[in-house]
Amino acid sequence: MAAEGNAIDALSQFELTPVLGVVGASVGFTQSNAHMLLAVGLITALMMWGTAGRAVIPGRLQALAESAYEFVHDMAVGQIGEEGRRFFPFLFSLFMFILFGNLLGLLPYAFTFTSHIAVTFTLAAIVFVLITAVGIAIHGWRWFGYFKPEGLSPALAVLVVPIEIISYLSRPISLSVRLFANMVAGHVMLKVFASFVVMLGTAGFLGFLGAAAPLAINVALVGFEFLVAFLQAYVFAILTSIYLHDAVHLH
Amino acid sequence: MADRDDFDRRLQEARARQGLDAAPKERGGLPGGAWGIGFRVGVELVSALVVGLAIGWALDRWLGTGPWLLLLFVVLGAAAGVLNVYRVFMPRRGPR
């Protein structure tokens, strides 16, 4: 597995394998898709059960559901403004899906679907299409003035407009690469240090003592990865709301 | 409700005195220490460069103009990357 033949195999954890037997294999239903469905199911269960009681003094589950709701709601209204309420359902789904994907990936034997660029880029592409569509729907042709700062001489516009367009087009790439790279880097680090533990632990008494160091690092890393899991979901959602702010308000 | 407002105000003052309420952060400010900022800057630079590279390469293939548009758009992409980094630290914000 991790340290076979003294080689550290840190990347096999990202391989896709079909699940659900013959049916899964024929339609390409992998453990990644299964974890996505699990994340959606968990989010739905949290919100439905959490808000079912409607207690004035919330229990633990209701407090969790309410604080998640309020967190995203404050972000949407704070970043976009009052119009942000219209984008709250989208922002909430996006944030919770990424957050649960990141957190599920930290459980043993689980798969991190946000560690695949195909998944994160799809999410970023949805955001990109949305911000462009919202911008054009609200502002019409004036939206294209977004690429040309006011009071710019035509000679400079030839230079600045392509740069602005490239900058705009780079948004989905930076958005998706940031999430994907953070998740891959974290899981590779965990795997590498876990391999060190196994390799040292099987190398006699001194090695057994030495294995404590990478084990301690891994304990700290797991805690750090929980921070990263939350932070990257937050960064993805807050950048989306900043882009939505630009699309709604034009600058 | 006058005494209620008064209570809220005094509670707010007491909380601020004890440092229980964090100072409000500026809008658009992203969290992250030195590592986070460094990583973010790197991603912004490279992604704009990649977009410039892709556009230049595709236009060259389409128009058959040799390496020239590729060279031009790599430079524009690098400039867009610097613009992205500038926006990370100086968010473009109009009045709300």
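Even glycines carry a Cβ here, placed using N, Cα and C.
Quick look at what TrEMBL lists:
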type	residues	note
TRANSMEM	A:36-57	transmembrane segment
TRANSMEM	A:87-111	transmembrane segment
TRANSMEM	A:117-139	transmembrane segment
TRANSMEM	A:151-169	transmembrane segment
TRANSMEM	A:189-212	transmembrane segment
TRANSMEM	A:219-244	transmembrane segment
* Could you tell me whether the transmembrane segment (A:219-244) and the transmembrane segment (A:87-111) have 3+ CB pairs under 8 A, leaving out pairs under 6 positions apart? => yes
* To do: Verify whether three or more Cβ pairs under 8 angstroms connect the transmembrane segment (A:189-212) with the transmembrane segment (A:117-139), leaving out any pair fewer than 6 apart in sequence.
  => no
* To do: Give residue numbers and ranges for long-range contacts of the transmembrane segment (A:219-244): same chain, 6 or more residues beyond its ends, CB-CB under 8 A.
  => 72, 75-76, 79-80, 84, 87, 91, 94-95, 98-99, 102-103, 105-106, 114, 123, 127, 130-131, 134, 171, 175, 178-179, 182-183, 186-187, 189-190, 193
